[in-house]
Amino acid sequence: MPGPVTVVGHPLVQHKLSLLRDVSTGPKEFRELASELTLLLAYEAMRDLETQPVRLKTPIVEGDFPMLEGKKLAVIAILRAGLVMSDSILRLVPAAKVGHIGLYRDPATLQPVAYYSKVPQDISERRVFLLDPMLATGGSAVAAIDTLKEAGARSIKLLSILSVPEGIEKVHAAHPDTEIVTAAIDERLNDHGYIVPGLGDAGDRLYGTK
Ligand code: URA
């Protein structure tokens, strides 16, 4: 049974995603767009955060106004492309703790290879937002969610700017409880594991390493 997927079809998101896809978009603009798209995905992904009334004074009156309940959050960046996303999301939720999971994709097997993992110790008490701009084969996302669950995480949402059906199916086959929030579901993967039409290698485009 498939798990939950939210595609953020807002025109602003779609516009910025098209600019991100454009091969002539350079690293500076690419980082800015990825950062803005992350904020817009996070806005959607955090729609169900609970609020509680807090007593405060406006310049005019005293009253009860909604503020986020003290539920703890964690943002986990899959290195390296997820780093821009975690920096961005911290502007919205500066009190969130940040973790990092380092995985790279073996170019021959396309399987994820873990080389680093550091996540908040109290992750079991936190709502976790896992950040990876590209949900392609799904191998890295599944490996990262495995790592997070082994560390005790119980509530995980995956934010990916771009995804494909293969990746979504793979994540939900292994972790049907993980909601995926994405700006678009593209057609397919090519023989090299790249998303089509896609935007190329997100890490290289973010950091100009191509
Ligand atoms: N990772 C990327 O950066 N791009 C893709 O198209 C697939 C995986």
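Each Cβ is built from the backbone N, Cα and C atoms, and glycine gets one as well.
Whatever TrEMBL says is automated annotation, not expert-curated.
Taken from TrEMBL, the feature 5-phospho-alpha-D-ribose 1-diphosphate binding site covers Arg80, Arg105, Asp132, Pro133, Met134, Leu135, Ala136, Thr137, Gly138, Gly139, Ser140, Asp201. Within its own chain, Ala136 (5-phospho-alpha-D-ribose 1-diphosphate binding site) has Ser163, Val164, Glu166, Gly167, Leu189, Gly193, Tyr194, Ile195 as residues 6 or more apart in sequence whose C-beta sits under 8 angstroms from its own.
Taken from TrEMBL, the feature uracil binding site covers Ile195, Gly200, Asp201, Ala202. Around Ile195 (uracil binding site), a 10 Å sphere centred on its CB holds 25 further CB atoms from the protein chains shown.
Residues or ranges marked as domain 'Phosphoribosyltransferase' by TrEMBL: 7-209.
Filtering Asp132, Gly138, Ser140, Ile195, Ala202 by Cβ distance to ligand 1 (under 6 A) retains the following binding-site residues: Ile195, Ala202. Minimal Cβ crowding within 10 Å, among the binding-site residues Asp132, Asp201, is found at Asp201. Reduced to three states, the DSSP call for Ser140 (5-phospho-alpha-D-ribose 1-diphosphate binding site) is helix. Neighbours of Gly200 (uracil binding site), defined as other CB atoms within 10 A of its CB across all chains, total 16.
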